[in-house]
Structures are given as C-alpha cells and as structure tokens.
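Heads up, the thing below is written out as structure tokens.
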Amino acid sequence: MTDLTKLTLAGARDALKKKEFTSLELTDAYLGAIEAATPLNTYVTVTADQAREMAKASDLKLGKGQGGALEGLPLGIKDLFATKGVLTTACSHILDGFKPPYESQVTQNLWHDGAVMLGKLNNDEFAMGSSNETSFYGPVVNPWRRNGDTTKIVPGGSSGGSSAAVAAKLCLAATATDTGGSIRQPAAFTGTVGIKPTYGRCSRWGVVAFASSLDQAGPIARDVRDAAIMLRSMAGYDDKDSTSVDRPVPDYEASLGQSLKGLRVGIPKEYRVDGMPAEIDALWTRGIEWLKAAGAEIVDVSLPHTKYALPTYYIVAPAECSSNLARYDGVRYGLRVPGKDITDMYEKTRAAGFGTEVRRRVLIGTYVLSAGYYDAYYLKAQQVRTLIARDFTEAYAKCDVLLTPTAPSAAFGIGEKTADPLSMYLNDVFTVTVNLAGLPGISVPAGLSSDGLPLGLQLIGKTFDEETLFRVAYALEEAAQFKAEPAVWWRS
Amino acid sequence: MSVDQNTVRHIARLARIAVRDDELSALAGELNSILDWVEQLGEVDTNGVEPMTSAVAVTMKMRDDVVTSGNLQKEVTENAPGSEDGFYVVPRVVE
C-alpha cells in the first residue's frame, strides 16, 4: 500500500467513502508516523487507543454508507482545547494533571462529524508566543530546514505543534487558535494553510482563555480545500459562548474555483514596513500579479493606524490575560506549591507554574489595569482599537479583500529571538491588526525564501466573509503552485 | 512612566506571583522597554473616540432560564486535590 499519510484531508475523505482503505488503517499509518517523529516534539499527548476506537466506530458507519463530513479522518488537537478525560494543560506547568470533565465545543463539533483524535499538539504556554519556544514541554522543531543547514528552525507560534504536525504529515489537519497571529504565522512558517475566522464564528467554550476579546479558533491544513472542510465543521453557534454568532455556516468548499472577475483586492501601503526583506516584498508583488491575472482589480488602500496595532495589542492582550489567568491559584486543580499561608501558596504556585513569558505578560497586564493607569493604557488602547477597526471599514468601501505578507520574515532558528521580547513581538506586525478588528484572515504558502524556507501571503476579509477569503485563497494557491515539501530528516 | 524595582514588587504582589529580589532589576528593565514602546499610543488623537467593547457588533442573546445540566458531582470533583463524601476539599481561603 502507498503511504496513506500523503493524501490530503479531501483525498482521504473521498478514498474512505470508496472503501479504498479503512479509517483504522489510515489512523494506524498516522500513529506510526507520529511515533517515528519524536525529534519534532509536536505531540504532547498521543491518544492511540482512543484514536483506534474512534476509527473502528467510523469504519462501521462508513461500511453502511453513513457518516459525517469528517468520518474516519485523523486530526491533531492543539492542547488549548479541552478534551474530555484527556490531559489538557495549554502546555503550562500550572495545569499539571488537569483532565477536563468536558469537551470543548469546537472539538465536540469535529467528533460529531466523525473525526478521529490522534492526540494533543504542543503550543506556546497559554498560546503566548510566536515561536513555540515558551511551552513547558519544550520547543517544537519545524520539519523545514534551511538549504544545506541542520540548524533547528521554529515552526512559528503559538500553534507550532499544529503547523509542524500538518507540515510533517503527522495528522491530516489540526485545530489551532489565533489571538495575534497564532494560526497564520505558523502556517506561513511551515508551508501550510491557516485561517483565523471572524471573531464569533467558532465557539470559544472549552478553549483555554488567553485574551478573550481576541481569541478565535481555526484550522491549519495542507491546502485551501482542506482548511475549508475543517472550518465548516469547527464553526457554528454555541449557546455556551455568548460571543459566538448565530448565523448559518456556509459550505466553504463550494467557494473554491469561483471566478475573481470584478473582485477588488486592496493593497494597504502601510504594510510595506521599514526593513522588510526584499524577498518578502517580491513575494507580495508576485501575489498581486497572480490575482490580477486571475481577473481581480488591484486597488491601493490606506490603513493609517497600522503602526499602532502592535502596541495596542500588547496592552489589550496582557490586560485580558492577567484577568483570565487569575483563576490558576493552586486551590482547585492543577499545580499546588504549599505555603505558610494562603497568599504564600498562591504566590509560590504561580511563580512555579508560569513560565517567563506568561509571567511577563501577567505583570504587564496587572500594571496597565492597576489603579491610576487604567485610563492611560487600557482605555487608550481600546480607543485606538476602534480607530484600527475603522481603518478597515473605510478600506472596504474601496475593496472586497486585502492582500499582505503573513509575516515580516521566514522562520528563524530556535533561540535566535528569545533574548529580546520586543523583536519576538514584531513577528505579528501583519497579523495582529486582524484580531484587533475581529476580521477573518488566511495564510497561503506562496514561495520559498532564498535559503529554502516557506513564505506565506495573507488575505484579510470582511466580517463573516470567509467565503471570499477561500475563493481568493484558492486562486492564489492555484497560481503559486507551491509543491515544495520538507526533506524527511526526523524519522527514526 | 517608568517602573522601578518597588513597583515591580508591588505589581507582582497584586498578581500573586512570588518574585525573588535578584529578579527585580531585570524584570523592571523588561517591563520598561515594553511600556516605553507602547507609550507611542500617546501620539494618537483619541478625543471623542469610543473605546471598543466588542470586536463584532452583536446583540447579546437571551436563553431560556431552565436547568440544562446538573448531577455532575463525580465529574466536578475529578480534578479536586482532595474530596470527601462528594465534597470538594481545598485549603482554607477565607481568613
């Protein structure tokens, strides 16, 4: 039998329906691939027995010609999603041993549609990071390497386990979350497709909270079609999340292949930032040419508050994280470090349980929310956020979708940026605006850097217009013909 | 605005995170570099601008006021550091 892990999600779906192989065979192929890929450190928990049980149940359904949209398809789940009875720590020491007695709504939706869970994927601690180096379980290694070089490269973050596992074919697709770029930047760094849908499109119920007004779930997948299939199953209204939005979920796959005739693509001039590598600029120009050739009209637009997006984010996100993470106190679950009194126990538990990046953000958040500073920082940031969202509204009077690079560089080496938090934060310069405005964004692989690492282009859409994003992303994918794959060096 | 070591100690206390004295100086440096950087928001004229309270305009939905879940004593106590007779046992948190 050929290597089953080479099939895309759509390919495997169609083959399972035709009974070319069973879900159990497919699942075993993935479990074998995962076992042989320990140097990548993508999975923090492998649920092999559960995966085989789910696959067998799917095979019974498929045998009768039944089953959901994802019946029998093995997926990886970011450790930020609560999975019933399965260790869920958000890759933080403070959640040691926590097995949720409930399932997140997004994963529940996937199981309802027949998907098979392979295990939990590594991520930056509490999704705080852009390189997957802040995980308590150690960094994830990108399957991609620079040409002729064995330096370990980061897979992006925070969904680095998801992006690396999809790129290394250790699952058909993966769930991920995006607060400032955590789906799109890792997708760009690994040659995969990642979409952050509109805020409210996916339920946040059972997703470990980082910054609640920015967090949104979405998939990372091998191609645009697979991402469309995944998002359709993940999305939907949930009465347990009051910010989830009650509107029908379209068949995103139906948007693929539709013409771009008459579509207006905006090019925001503020995204041409100082010091942007020439190859990123060239990639962007190529993307513009591709969409023009596909029939789209190119329009210059301005998003004047772009430069304030990152500083705004680094007030809003830490403020919300310091509030959300207040619940981890060592009293009710997870890690507890004993102390001489209750305050001492809280302080020791949180000192031992949080890593340095999480601690840094909790402290910043506590400071900007503290008495006397709230107006100067948090209120000001929320006002600037209104202006950033307004920029997009004004741009969308002239265009239907925006095209930008996903990240200001290709992936970097492990340890290269950890010494300087600010240089790490700058990774999200093109993605963070989208979270602040609640908009959908997708990253599509579009080429290789001069040293052989993947580069991505980002499309930003109007609120709840994921269909246009998928349509344009598919056209980009068709034009880019990105077929490069990482050489398999990690297999033991 | 700039934070000194005493301010860091105060914030850490508010955040209930124990910080060693020998960490204060480095932490103050890191926090200051981030705070200096976000200071640029001061350039933006936000007079009369409403702060954003919701990323997507939605009207909060009301659900029926009915019991939809319950009788989960076993599940609720599964992660408890200690439990007795179906109760959750924790250290005394109210002095």
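Glycine too: its Cβ is placed from the backbone N, Cα and C atoms.
Note on the domain 'Amidase' (A:25-469): its mean pLDDT in the predicted model is 97. The domain 'Amidase' annotation in TrEMBL covers A:25-469.
The active site, charge relay system annotation in TrEMBL covers A:Lys78 (among others). Counting only same-chain residues at least 6 apart in sequence, those with a Cβ under 8 Å from the Cβ of A:Lys78 (active site, charge relay system) are A:Lys120, A:Leu121, A:Asn123, A:Ser159, A:Gly161, A:Ser162, A:Ala174, A:Thr175, A:Ala176, A:Thr177.
A coil conformation is recorded for A:Ser158 (active site, charge relay system) in the three-state DSSP classification, outside any helix or strand. Look at TrEMBL and you will find A:Ser158 (among others) tagged as active site, charge relay system.
Marked as active site, acyl-ester intermediate by TrEMBL: A:Ser182. Within 10 Å of the Cβ of A:Ser182 (active site, acyl-ester intermediate) there are 37 other Cβ atoms, across all protein chains.
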Quiz prompt | Secondary structure of A:Lys78 (active site, charge relay system) (DSSP, helix/strand/coil) | solution = strand
Exercise. Would you mind reading off the Cα separation of A:Ser182 (active site, acyl-ester intermediate) from A:Ser158 (active site, charge relay system), to the nearest angstrom?
Key: 5
Exercise. Any same-chain residues 6+ apart from A:Ser158 (active site, charge relay system) with CB under 8 Å of its CB? Would you list them in sequence order, or say none?
Key: A:Asn123, A:Asp124, A:Ala127, A:Met128, A:Gly129, A:Ser130, A:Asn132, A:Thr177, A:Thr179, A:Ser182, A:Pro186
